[in-house]
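To start, the structure itself, in structure tokens.
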Amino acid sequence: MSPQTETKTSVGFKAGVKDYKLTYYTPDYKTKDTDILAAFRVTPQPGVPPEEAGXXVAAESSTGTWTTVWTDGLTSLDRYKGRCYGIEPVPGEETQFIAYVAYPLDLFEEXXVTNMFTSIVGNVFGFKALRALRLEDLRIPTAYVKTFQGPXHGIQVERDKLNKYGRPLLGCTIKPKLGLSAKNYGRAVYECLRGGLDFTKDDENVNSQPFMRWRDRFIFCAEAIYKAQAETGEIKGHYLNATAGTCEDMMKRAVFARELGVPIVMHDYLTGGFTANTTLAHYCRDNGLLLHIHRAMHAVIDRQKNHGMHFRVLAKALRMSGGDHIHSGTVVGKLEGEREITLGFVDLLRDDFIEKDRSRGIYFTQDWVSLPGVLPVASGGIHVWHMPALTEIFGDDSVLQFGGGTLGHPWGNAPGAVANRVALEACVQARNEGRDLATEGNEIIREATKWSPELAAACEVWKEIKFEFEAMDTLDV
């Protein structure tokens, strides 16, 4: 990088520029239980040594700047600086390295995902000495975890609220996502819930547009929920999207949802922002609302393998900021998601303690202590033939969400919901009887069609539909 140039002054300060690795590359450092640990995929510019690049990341995401400054002498740089404590090559990538960086906990405001990300994934991602930079994983120390409320309620409380156990929950995104009037929208919600689904959902870009203002949608959806509950005897819900242009408008919508008595609201946490999301999560905890999270915009951040931020980091951040559900990919549907990587961050969402496992992309052991878990939502291009695989991959603590796979049924919305509920119940029963969903899945569905004409019709419509593309996000081998 820049040549070393130093100028002595009468007060002992040495001005000029020095290599980052002299201060920020510390391979002998022993990490502390209170450190936030980060694994960065670093692609240095030609001629920049990996140690210098790693130290540059540590410096620029903590206390460093491009030149030596005299005010360094007014604080304990050794106490507050980030440290690159390890560099390892990436298999099959000659120009990429994994740089491990430790950050002292005092660099971060308590319970503020916004502040954590501003430092760790801030200006450093535009640093000229790096061709590309990707944050692969974070280890959040328990001391920092305990400063967060986390999900509004968590998995067990949600099941208790809904009185639904022993199976995945079923959902449906109302389609077309834009253009319906509030009354027609509410009609579709009712038909899906009446047919056997647990939830219906606003699409992520349904806010308050001219064709359907938010208050009208909330009222018609609440009417649909109560009517379906009365007819089925089951607790139902619709994810009312409270995302808005200002935090004040977002909270106004959440308050109105609570006044209507509905069980759940929704937020687009990346486009809405972490500050707004945490504010909404706190309100939901205090007022008995579940909070569904959509990850719109995530692929802008996480899809490129050499630059950006892996979704497992965004998933951890969401668990800290707060949300009871989050979309996580399907493995088998139309959206990106390799199986082992997906299951890795699904465990990070649901479990209390997750061991380091590089075969699933998990770089650090993570202990969430008492932070509630988040239900992963499998959604995007799935239909009844996928039900065995989804049940086997995601297990009971998940939401399986079929939009087109419900509303595209040839007989209508309610029969589409019936088909999905029958398929799910058949898969759960078969699994509980000891059958292998991975190998017997199609046969289990075919058997169920014999006593469900709705399922038989759905199977016929979607029998040839597959999404067979190579995943962009793959493990390093």
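Keep in mind that glycine also has a Cβ here, set from the backbone N, Cα and C atoms.
So that you can see what the record holds, here are the features copied from Swiss-Prot:
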type     : residues                           : note
ACT_SITE : K175                               : active site, proton acceptor
ACT_SITE : H294                               : active site, proton acceptor
BINDING  : N123, T173, K177, R295, H327, S379 : substrate binding site
BINDING  : K201, D203, E204                   : Mg(2+) binding site
MOD_RES  : K14                                : N6,N6,N6-trimethyllysine
MOD_RES  : K201                               : N6-carboxylysine
SITE     : K334                               : site 'Transition state stabilizer'
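Between the CA atoms of H327 (substrate binding site) and K201 (Mg(2+) binding site) there is a gap of 12 Å, rounded to the nearest whole number. When the binding-site residues K177, K201, R295 are compared by the number of other C-beta atoms lying within 10 angstroms of their own C-beta, K177 comes out lowest. Of all the recorded positions listed (K175, H294, H327), K175 has the fewest other CB atoms within 10 A of its CB.
Annotation for T173 (substrate binding site): same-chain Cβ neighbours under 8 Å, separated by at least 6 residues, are T200, K201, D202, D203, S379, Q401, G403. Fewest Cβ neighbours within 10 Å among the binding-site residues D203, E204: this applies to D203. Taking the Cα of K175 (active site, proton acceptor) as the reference point, the closest of the recorded positions N123, E204, H294, R295 is E204. Following the DSSP three-state reduction, the secondary structure of S379 (substrate binding site) is strand. Among the binding-site residues listed here, namely N123, K177, E204, E204 has its C-alpha nearest to that of H294 (active site, proton acceptor). Those residues of the chain, other than K201, D203, E204, with a C-beta within 8 angstroms of the mean position of the Mg(2+) site C-beta atoms are T173, I174, K177, D202, N205, V206, Y239, N241, M266, H294. For N123 (substrate binding site), the count of additional Cβ atoms within 10 Å of its Cβ stands at 11 [all protein chains shown]. Site extent for substrate: the farthest pair of Cα atoms among N123, T173, K177, R295, H327, S379 sits 37 Å apart. Here E204 (Mg(2+) binding site) is positioned 29 angstrom away from N123 (substrate binding site), judged by their C-alpha atoms.
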